[in-house]
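Q: Quick one: this structure, given as C-alpha cells, is what I'll be asking you about.
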Amino acid sequence: MSRAFDIVLASGNAGKIREFNQLLSPLGYEVKAQADYGVAEVEETGLTFIENALLKAREASRVSGLPALADDSGLVVDALQGAPGIYSARYAGEPKSDEANNRKLLDQLLEVPEGERSARYWCVLVYLRHADDPVPLIVQQHWQGEILAHPRGEGGFGYDPLFWIPEVRMSVAELSAEEKNRLSHRGRAMQALLAQLSSH
Ligand SMILES: O=P(O)(O)OP(=O)(O)OP(=O)(O)OC[C@H]1O[C@@H](n2cnc3c(O)ncnc32)[C@H](O)[C@@H]1O
Ligand SMILES: [Mg+2]
C-alpha cells in the first residue's frame, strides 16, 4: 500500500468505508471506494470470510487496475451455532437491511438467557497488489462480546446496537468512532495489516 498510489476499497458498505477512512487517512493513505471506479458488487459465493474477501479484492483490483483492500466480516453467535457468520449482511434476506437483520437476531435469541449470549465479530482483511497477486496479505481478528436483549446507542452500523462489550460496559453503538476503531475487529485487523505491509 505505497503512499505513491491510491488503493481501492472493495466494499459497498458505507459504515466500513467510513471506518477505513478514519483509520487510514491520518496515515496519509488515500482510500477510494470501489463505486468510484465502477466496480460492481461481486457475488459472495465463498464459504469462509477469507474466500469472500479474496473474491471482492480480486474483482476490485481487476476492474480498477489498482491495489485493493477487501474486508469480509460478520457476527458469530455461539447459541446459534455460529450464525449469521458469513451471511451476516444478508441474514434477514435481500435487500440487505441492518434493521431487519437486528430484528431477526433478537427473534432467534428470544429464548436464550443472559449468560448464554456470547458472540464475536470477525474481520478478515485481504490486500492484493494486483488482480493476479499470488501472495495476498491476509489478516483475521475477532472481538468478543454478548448480544443484548434490546438495542442501545446510535453510532456504528450493522449489529452494533445489539453488541455489548463487557470490558467497557457499553454497546458498540454507544462507543465513539475513535474508541470503536481502537478496540474493534476491523481496527485491530487494520493495525496488523499495516505492520505486515511495512515489513514487506
Ligand atoms: O461486502 P461489502 O460490500 O464490504 O459490504 P457488506 O456489508 O456486504 O459486508 P460483508 O459481506 O463483509 O458482511 C459483513 C456484515 O457483518 C456485519 N458486521 C461486520 N462488521 C461489523 C461492525 O463493525 N459492526 C456491525 N456489524 C458488522 C454487518 O451486518 C455487515 O453487513
Ligand atoms: Mg458483502
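Backbone N, Cα and C define each Cβ position, glycine as well.
Sharing the feature lines straight out of TrEMBL:
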ACT_SITE  D72  active site, proton acceptor
BINDING   S11, G12, N13, A14, G15, K16, S73, F157, G158, Y159, D160, K180, H185, R186  substrate binding site
BINDING   E43, D72  Mg(2+) binding site
Q: CB neighbours of the residue listed as 'active site, proton acceptor' within 10 A?
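A: Excluding its own Cβ, the residue listed as 'active site, proton acceptor' sees 27 Cβ atoms within 10 Å.
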Q: Of the residues named as substrate binders, S11, G12, N13, A14, G15, K16, S73, F157, G158, Y159, D160, K180, H185, R186, how far apart in Å are the Cα atoms of the most distant pair?
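A: The substrate-binding residues span at most 20 Å between Cα atoms.
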Q: From the Cα of E43 (Mg(2+) binding site) across to the Cα of S11 (substrate binding site), what is the distance in angstrom?
A: 12
Q: What's the CA-CA gap between S73 (substrate binding site) and E43 (Mg(2+) binding site) in angstrom, rounded?
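A: Counting only the Cα atoms, the answer is 15 Å.
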Q: Around the C-beta of E43 (Mg(2+) binding site), how many further C-beta atoms are within 10 angstroms, looking at every protein chain?
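A: The answer is 9 other Cβ atoms.
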Q: What's the CA to CA span in angstrom from D72 (active site, proton acceptor) over to N13 (substrate binding site)?
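A: Between the Cα atoms of D72 (active site, proton acceptor) and N13 (substrate binding site), the distance comes to 11 Å.
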Q: When neighbour density is defined as the number of other C-beta atoms within 10 angstroms of a residue's C-beta, which of the binding-site residues S11, N13, S73 has the lowest density?
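A: Looking at the binding-site residues S11, N13, S73, the Cβ with the fewest others within 10 Å is that of N13.
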Q: Enter the number of other CB atoms within 10 angstroms of the CB of H185 (substrate binding site).
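A: 22, counting other Cβ atoms within 10 Å of H185 (substrate binding site).
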Q: Select the most exposed residue of G15, G158, where exposure means the fewest other Cβ atoms within 10 Å, treating these as the binding-site residues.
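A: Result for the binding-site residues G15, G158: minimum number of other Cβ atoms within 10 Å at G15.
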Q: Near D160 (substrate binding site), how many other Cβ atoms are within 10 Å of its Cβ?
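A: Taking all protein chains shown, D160 (substrate binding site) has 24 Cβ neighbours within 10 Å.
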Q: Measuring Cα to Cα, tell me the gap between G15 (substrate binding site) and E43 (Mg(2+) binding site) in whole angstrom.
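A: Checking the Cα atoms of G15 (substrate binding site) and E43 (Mg(2+) binding site) gives a distance of 20 Å.
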Q: Give me the CA-CA distance between G158 (substrate binding site) and E43 (Mg(2+) binding site), in Å, as a whole number.
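A: Between the Cα atoms of G158 (substrate binding site) and E43 (Mg(2+) binding site), the distance comes to 20 Å.
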